[in-house]
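See structure below.
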Amino acid sequence: MKLGDPAFVLPERRARIDAVVANRTRTLTVVMEAFCDPQNVNAVLRTCEAFGVQTLHAIEGPMKPYDRNKKISQNADKWLDVRRWSSTAECLAHLRSEGFAIYATHLGERSTPMAGLSFAGKVALVFGNEQRGVSEEALALADACYAIPMRGFVQSLNVSVAAAISLAHAVERREVERGRHGDLPEDEAQVLRERFYLLAVKQRSRIAKAEAVRDRIARHARFRG
C-alpha cells in the first residue's frame, strides 16, 4: 500500500479531494508576467486554486517569480503546478503551440470588453507587471486584449483583483460555452487524485505530530506546576 493510497485518507477528506479534482482544468490558465510584488503572486495562486485552474505560468521579472507567502496563498501553491519562464516570447510561444488563445489584460484602444471573448477553447489570461502592465511584446503576441468594465473614477485595479474578476467571468463563460469547467482526462485526474491524497496524508501526519508535541509540553507544564 502506498502512502497516497485512498485507504490512508479520511472518507470526508477523500470525498472533498475527489470533488476538487472533478472541477480542475488545464485548458484555462494564467500567465503572470514580471510581477514585482510577492503578495500579488501569492494572491493570484490562491485565486487560481479557488477557481480550479491547475497550471499557472510565471515569467521572470524584477523579483523571484515565486516567493511563497503561506499567509496570503493559504498554501494554495502545493495543490498547483507553476511553470517558470525566462521570457515572455518563450512562454507565449509554448502556449500557442498547445492550442491556447492568448488574452491579455490591457486598457487601450485595442481592448475589447471581456464579455465579447470566447472561452469555448483553451484560453490563457495574461496579467502584467503591477507598474507597467502587460508588456508591448505580450500585447503584440496576444490574440485579443480585454478590459474589465469599471463604473467609477478609478480606471485600474490591483492585479490580483483583476485576476479574480477575470477568472470568475471565464469560469462562468466556460460553463455556458463548454457545458462544464472541470475537464481533466481520467488518466490525468487519477494522477492528480493520488497526488492530493498523498498531500492530505502528509498534512494529517504533520498535524498529529504538532498535537503530540503540544500535549507533551502541556504535561511537562503540569508537572512543573
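Glycine is treated like the rest: Cβ placed from N, Cα and C.
The secondary structure of THR105 (S-adenosyl-L-methionine binding site), as reduced to three states from DSSP, is extended strand. Cβ neighbours within 10 Å of THR105 (S-adenosyl-L-methionine binding site), excluding its own Cβ and spanning all shown chains: 25. For THR105, ILE148, LEU157, the entry in TrEMBL reads S-adenosyl-L-methionine binding site.
Taking DSSP states H, G and I as helix and E and B as strand, the domain 'tRNA/rRNA methyltransferase SpoU type' (28-167) has 49 helix, 36 strand, 55 coil. The domain 'tRNA/rRNA methyltransferase SpoU type' annotation in TrEMBL covers 28-167.
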Just report the maximum Cα pair distance in Å for the recorded S-adenosyl-L-methionine binders THR105, ILE148, LEU157, no decimals.
-> 11
Students should find that the Cβ of ILE148 (S-adenosyl-L-methionine binding site) has, within 10 Å, a number of other Cβ atoms equal to 16
Taking every residue in the domain 'tRNA/rRNA methyltransferase SpoU type' (28-167), what is their average pLDDT?
-> 90
Mind giving me a neighbour count for LEU157 (S-adenosyl-L-methionine binding site)? Other Cβ atoms within 10 Å of its Cβ, every protein chain shown.
-> 16
For the recorded S-adenosyl-L-methionine site, enumerate neighbouring residues of the same chain (Cβ within 8 Å of the Cβ centroid of THR105, ILE148, LEU157, site residues themselves excluded), in sequence order.
-> LEU107, ALA147, SER156, VAL159, VAL161, ALA162, ILE165, SER166
